[in-house]
Each structure stands twice: as structure tokens, then as C-alpha cells.
Amino acid sequence: MGKRRANAESDDDNASVESPVSKRARTADSDDERAPPASNKRAANKGKARRRDEDDESDSDNGAEDGDDADRQFEEENEANIRAALESRRKVHGGIAEHGIIENIEMHQFMCHKYLTFSFGPQINFIIGHNGSGKSAVLSAITVALGGKANSTGRGNGLKSFIREGQSAAEVTISLKNQGDEAYKPKDYGKSIVITRRFTKEGSSSWKIRSKAGKVISTKKDELAAICDHMNIQVDNPMNVLTQDAARQFLSASAPTDKYKFFLRGTQLSQLSEEYDTCFANITATTKVLSQKKEAIPDLKTAFREASARFEEASKAREQKKKVDELKKELAWSHVAAKKQEMEKKTSEAAKMAQRLPKIQERIDEAEANFAAAEKTVVELEQELDALGNRTDLQDRKTGISNDIKAQKANVSVLNNNIKDINNSLKTTNKQIEDYKVAIETETKRLEKDTESEREESQRKVAAARAQVASAADALKDIQDKKAANDEELRRHKETGSVVENKQKELRQKVSDCDSAINGCLRADENKYAAYGNRIEQVVQRINQTQWHGQKPLGPFGAHVKIRDNCIQYTELLRNQLGGLLSSFAVTDARDHQTLKKILADSGNSRTAIHLYKPDLFDYSQGEPPEGVLTVLRALDISDPNVLRLMINKASIESRILAPRRIDAERILSNMRFGTGWTLEPFNVTRYPEGGQSSVPIHLRTTHPMLLVGSATDELERCRARKVVAERELQDANAALHAEQAEWSKLRKVQETLTNQEKAADHKHHQARMLVRDLQNAINEELPAQLTAIQDALKETMEEKTVLVAQFTELSRQKADLDEKQKELVVQRDKIQKELSDFANIQEEAKAKIDDAVEQRTNQQGAITHFKKKLDDENAKVKAAEEVAERAQEEFTDWTTKAEEYCERVPASRHPDVVKRALDSTQAALKEREKRHGASVEEMTIEVNKAKEKLDKAEMDLKQMTSLNKALKASLIVRLSRWQEFRRHIALRCKLVFGYHLSQRGYYGKVLFDHEKGTLQLKVQTDDQAATQGSRDKDPRSLSGGEKSFSTICLLLSLWESIGCPLRCLDEFDVFMDAVNRRISMKMMIDTANQSDKKQYVLITPQDMGNVSIGPTVRVHRMTDPERGQGVLAFAS
């Protein structure tokens, strides 16, 4: 019996890939098998099998006769039972399969179909249509989708031939029912298994095996093979899927040997026969190998005896070997003793080194305490420095006082001018008085010369001149009053203009700041670090590239700090107060301070602060005020926990409150009893624990717009809005300043006019007085008698002098008052200047103290680092010493354990070197003796043991393999016997079913099996033959085409009774039948299908189904020509 051939072809034209169908179906793909006849000979004769197992000789003739007798006996014993079983089945309607049958199929670009889909019935399906409509493509699609080989369809040699003309790929999808207790993986697939196979012109092929829900479960052929094995689907079995060419050959020109091969392959008996041949060949080969092993046993026994003899000859050396063993024991324990001494020494050294560690730790603790104290001092000093503020209020007060001093100087200058004018008037008046006195004296002397009439005329003229003097004096006084009022208006407008001008400058600066802020926002997208200093982005890059002693420096702080949306009104205030801190950096190791400082200095940020910190995430909740009180911390969103705690340490942001007004801050701090806060007005408000409080104005500086801002776009909009407001206010200030300047210019012109009028009035007044004087002089000359008039003039002049003196006194008093006020303002200015100088000194002293404290903190940090390094070094030394001691301990323990395993403890007082020398001399003597014998005692012992082991193993293996081979041979005989019974039973059922199906037409026939020759022949007697030729049977070849096709269909149905596959496919089975035979065949096939339990039939015919009675279990699919473009089949059930 020849060995089973491996498959030489695959669907992908790849010889190395097998079809993923069941194992049994995979071996039945050759049309020229010769195994069944040989296996039949052997299987038919049990005695022959036993004799061939013993001496490999047989007598085929006697075996054949025995086989025929056994077949006849089997038929006589079982025919009645099998016939009764078949009859009972015909009365029962077959059930619908719960798994393994096709629910629907779908084809894309497959053969002649662009798209085709329809559903199968669970029992009987007829596919009908014109020739060339693509009916056979359905069977090809079933075969391809279920993993069958392309050449088994008879429609092509590879998958590429199934792709529709002009297309690059084709796809076939088939849905298998998967229900009932024997469903395949129902939890994964559900009630249906959907299998899709896609293949391309390039030769690639792939599977997708999905659940009913559409989820892809697997893409492997092995899973498809497992599904087909579980459901017993064998698409490559020609009896399961009988293609068009195979059906024609089977129906028309099938030879007896071909029918017998179909019989064996369809029932899978040929595969069992081939496998039994393989088993028998292996058993025979094993028997030959065992015979060869049996011949080697005497040689192994001889080798064992020779080794034993050599071992006995070397037994005299055992005494000397015993001494060697004793010395080895002593050597082992002497090494243990030496290792113990070494271990004790190393342990003592490690203990001494460990005693130094506490002292170093004390130095570290001391340095850390000093560092903590220095850190606390730095924080306190920085807080004190922050509490000093910036004293901008003093500078503002100094500026105001200086302005007041300037104004007072202007007033003093006006008074001095007025006093000078009065002095000039007094000089003139005094001269007039002297003149009047001289005139009186002269008039007295000449009084007797004047006449009465002349004296009266002169008096009238003097009176008129004096009236002019009074009128001119009144006009002058009125002008002077107007001039003084105008002077006051000029001063007031000048002061108002200065205020408006200062406001204008502030607003211009505010607009400029807004422009700078807008530019900063526009540049923020290019450089997110622009707000924190010069080229900070390069600083960050260098920080990332530099190796640091501690952690990588942290900063700038502001990169991790953003203001919350609900506190946006505090942005400017917080920028002003936290700006320096937001640009700061921090290091964890003091040694990194100088490195970072140099990096910052190289980029132009030498004044950027660098803080030293330890990454301690301490709890700061105890320092926070009650909920509901807004603090700096609660107004900020800080992403880095270390930055958060640094800002708490440096600026107390967890306790510093924020409020819109100073009064609000004072109220909140009063409720809290003490604390500090910032307000929007802006003020720095402080309440002291011992009572009392202070409020210092905050001078807001210009800061970068991107500080504390997360979105440049939002800040840009706010800056633009502030600019619009500032520009509007600037326009108002410009208008106000222009109005003030216009009014001042107007008043200045009025002042000039009044000055001119004053000069004119004064001149007129002076001329009037001069006229009075001249008249008086004339009277004195012409009317000396009018002494009384001159005396009256003198009196008036004296009164005018009194007025001038009073005016001088008042102006002197006003000047004295102004001088006193001026002195007070100068004292105040000098005092403020001294306070500013003192504040600068105090601030410098505070900064110096901070620098000293930072230096002390740095020194302590260096001390901590030094002693920690020293502690690490000492720990490393102690650890190394302890490891050495531990290794010595482990070695001591290990050596002790090994010594105890080697032998019991023995006294070992000698040094290992002494014992070693004694052992070496003894071993040398032993080797000399072994040299004479050719091997050592150990080697001879090993040789004897190996020889004994080989002998025992060979005898044991021979015994076990012989027993196993006999058991396998007996099992194979039993299986061959059962195989023969299977074949007889299936053949008998085939004969009975064949006769039954022929009787449906009124024929009589039988099936003749010749298992020895491997033939299957049909003998048929038709109804007309029975009338003309008696009972003589007729060979089917002498029948008509319809009778022959009908007979072959009967044979096919009888063979289907012996197949377990749930699927039956037959293509163009009725091509040679006439109408009567076709109608009866159709009815017979439908009845057989209805009686079949859990089987599905797919039958293809080009004929119409009009003359066939169609029941509820039959579904007819009518195929239309694919050129018409119809994709979904219309079917009737």
C-alpha cells in the first residue's frame, strides 16, 4: 500500500499552502489512487494480516475467498435489520439542521457575476436558469469560500481564473448557520458565522471570519479549518460537491473502478486505508530497528564484564584513596577555620568604621539647623524690606512743597515790588511836606503883602487842583485793586495749568505704556519668555543643556503663574508687587548659584534674583485666612508646587489679602487681628498684632503686559481698551490745558493793560499833585497871606503819608508772614529730603543684611553638601566594609555548608597550606599507582557505572518498545477488522437504497461490489426488459440515456446515505434524462432530501421546474443572465 501523497496544489497557485478543510477530506484528492484495492486485500483477511506481521508472507487467493464468504455472511445477518431501519426512516420527515448549512451567499466580481446574492432554504434548493447564466458559479463560490481547492471546481486552475473579466479582485461571502447545542463558539460568533474570502489578480488571498453582528473574529485559515471540521463540511469531497464536469462524467461514462473510487472517497474509507498502510509500514520499520537493538545486547554485556574486571584490579588502591579522603576532609574544615578568622577580622573593621558615622550626622544636623535659621532670617529680612515700601509718597510730598515754595517766592516778589512803589511814594510825600513847611514859613513872612482877592482866587485854584488829585488817587486805587484781583486769577490759573500739564504728561506716558504693552503682546507669540527679562528663552535653553549639581534650576517663576479670570482687575497691582519675584529663578544646590548667575549675566539679566530652596511640599493651609477672604494665592493659578511654596516663603502670598479699597482692607485685617494686604487704590495696608495699622501708597510702575496673563489675545484686547480710554482722557486733558493756557494768556493781557493804566493813573495823580504844589507855590509867592491854605495842603500831605506808612506796614507784615511760611516749607522739604536719604540708607542696610544672610545660608548649604558628601563617602566605605564582612560571612556559611555536605566536622588545627602539602604528596603517590593501572579508581568506577547503565537502558528500551510494537500491531488488526465491517455495512446500505430508488420507476437492479478488484457495477432491469428478456439483468451501458442517468442518480442517492456531511451539492444531474425520468428523479430526490435528517441540498439544473411538484421544504432560485445587470435573485419557495 503506497504512502498518502501530499497535496501538490493550492487555490493560490502556491504548492506550500494546503486547503483548510478537514483532515479526512484533505487526503482524498487523487483520481489515480491504487491504495484501496491493496488495503482491501489485507483488510479482508485477518489471518493474512497476522501472518504478514510474523513472516511478511501471504496467500492472496485464500484471503479473497474468505473475504467473499464473510461478505455474504454479513449480508445474510444484517440485511433485514438495515432494511427495516431504512423503511422506518422513510416514514419520518427529516429535521432542519441547526448548524453547518448555508444561510446565504454573496458574490462580488466573481466569474460572470458583477454582484449576486440570495438566501438558501434549510433543506432543498434548486438553482435553475439558462445555459451561461452562471449557475455553476454558485458551487464554485461555495467551494472557494469554504476553503476548497480551485481545481476541484473544474472551472480553473487557480483563484485568479474566478475573477470577473476586467476586474482586479473578487470577493465571496457565505453565511453558515450556527445554532443548537453543537454550535461552534456561540459566544463569539452568535447564531451565524459569516465567512468572506477576497482574492486578487496578483495572487493574494485573505479571509475574514465574522460573527452575526459583523465583528471580525479571525482572519486565519486554521480557524476556517476548525469550523469545517466541527461541522463535518468537506467541500473537496466529490460526493459532497459534485461539479458539472464530475456530474457528467459520473452520470455518463463512469467506469466500475471510478464508481468504486467515488464510493471509497465519499465515505472516507480510502483515507482510513491509507492511514492504516502508514501505520503498518511504521510498525514493520520499528520491528527491524528492534531486531538490530537486540543484536547489540551481547556486546554491552561484554563491555560491562571487562569494566568490572578492571575495577577489581584497582581495589588495592582504595586504602590509599581513603587516606586522601581524610586529608580532603581536614583540608575542607581547615579552610572553614581560616575563613572564620577572616570573617571576624572584617566584621570588626566594619564596626569601627560605622562608629564614625553618628559624628558626621551630628555635623550635618547642625549645618541644617544653621541653614534653616539662615533661611528664616533671609525670609524675615526680605519681608522687612518689602514692608519698607518704596517711599514714593514722600517724593510726591517733596514735589508739592517745592511747588509751594516757588509760588511763595512769586508772591514775595510781588510784595517787594509793591513796597518799592510805596517807598518811592513816601519819598515824594516827604519832599512835599518839606516843601510845604518852607512855603508856610515863607508865606508867614509875606502874609502882610497879599491882598484878599488874590488870596481867594488862589484858594479856588488850589481847591480845584486838590479835587483833581483826589480823583486821580481814586482812579489809581481802583486800577490797583483790579490789578491785585487779576494777579490772584493769574496765580490760580497757573497752578491749575501745572496740575493739568502734569496729568497730561501722565496720560501721555500711559498711552506710551499701552503702546509698549500692545507691542509686547504682539511679540508674545514669538517669545513666551519676553516678559521675564532679556533673552530668557536662551537662558532656559542653556539651563536645559547644562549639567547641575542639584535639580535643574526652576524658573522663571512667572512661566508657572497665571491670574484667575475672576480676579483680572488685580492684574496691574500684582504685576507691580510681584514683578521681580516672577522673573526670579531658584536652585536646590548652592554650588549651582554661580553657574546660573553667569548664564543670566551673559544674557543681560545680572539683576535677576536667584533663590535657594529645598523641594519640600509643606502644608501651608494653616497660614491661610478663612474661606471667602481673597488672598494673592487665591487670585493666582500656580502650576508648579515648588514655585507656589517659594512664593509663599518670599512674598507670603497665602496670607496677604487683596481688596478693592483701603477701607475694605482695613476692615478685613481688623477682623483677622493682624496681617497685610494690597488694594486697588493702591495702598499697602498693614495691621500689627500688638495693635495699630499703617497705610502706605504704592507707586505703580510700568510692567510687561504678559506677566500673569495666560492668553496674549485677551491681554491685547485689554491693552487696546485701556489705550482708548487713556487717549480719550488725554484729549480731555489737552483741551483743559489749552483752555487754561488761553485764559492765562487773556488774563496776562489784562494784567499788562492794567499795568499800563496804573502807570498812566499814577502819572496823572503825580501831575495833579505837582499842579497843587505849583499852585501852592504860586500862592506862596503871590498870596503869602493864604497861610492857612498851605497848612491845609500840608495837613493833607501828612495824611497821605500816614496812609502810605499804613500800607507799607501792612505789606511788610504780609511779607513777614510769607517769609515765615517760606521758612516752614523749606524746613518741611529738608525734613522730607532727610527722610528720603535715611530711607535709602535703611534700604541699603536691609539689602546688605539680606546679602549677609544669603551668604551665611549659602555657606551652611555648602557645609551641608560637604558633610553629606563626607557621610556618603563614609557610608560607601562602611557599606563596602560591611559587604566584605557579609561576603566573608556568606563564604564562611557557604564553606561550612559545603564542608558539612562533603563530610562531618573533623578537627582542623593545622593551617590549610600544611594540610594541602600532605594531600598533594599522598595524591601524587596514588596517581603513580593509578598510572600503572591506566586509570584512577574514580574513572574506573564511572566506567563500570556507565557500562551498567547502558546495558540496563538498552534491555529496558528493547523490552518496552517490543511490547509497544506488539500492542500497536494488535490495535491495527482490530481497526482493520472494523474498517472492513464499516465497508460491508455501507455497501449493504448502498445496495438496499439503490434497489429502493430503482423501484420508484418500476425498475429492478442491484449493486455489485468487488472489494478485491476495487469495482462497483450496476445491474438494472427495466419494466420492458422484464417483459421481453425475463429476469436477466442488464448492464447500464445498454440502457437509454434517461434510464442510465436515472440509474446513476439512484446510485448517487444511495451513496449520499453513507455520508455525514450536512451539505449535498449536485450540478446538472438531469442533462441526459427524458421528461419522465427527470420528473421521477426530481420527486425521488425531493423525498430523499425530506427524509434526510439535518441535511441541506443544493441542486443545479438548466431545466424548468414546471412539471415538478414543489413542497414547503423546496426553494427554487431562478438565475437570470448576468448581462442584464440584475444582482439579487428572485426566488420562489
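Note that Cβ sites are derived from N, Cα and C of the backbone, with glycine treated the same way.
TrEMBL lists coiled coil at one of the ranges 657-691, 762-796, 937-971, namely 937-971. For the ranges 147-168, 477-498, the feature annotated in TrEMBL as region 'Disordered' maps to 477-498. Which of 374-408, 829-863, 864-898 counts as coiled coil depends on TrEMBL, and there it is 864-898. For the coiled coil (716-743), the mean pLDDT of the prediction comes to 79. Secondary structure of the region 'Disordered' (477-498) per DSSP, as helix, strand and coil residue counts: 22 helix, 0 strand, 0 coil.
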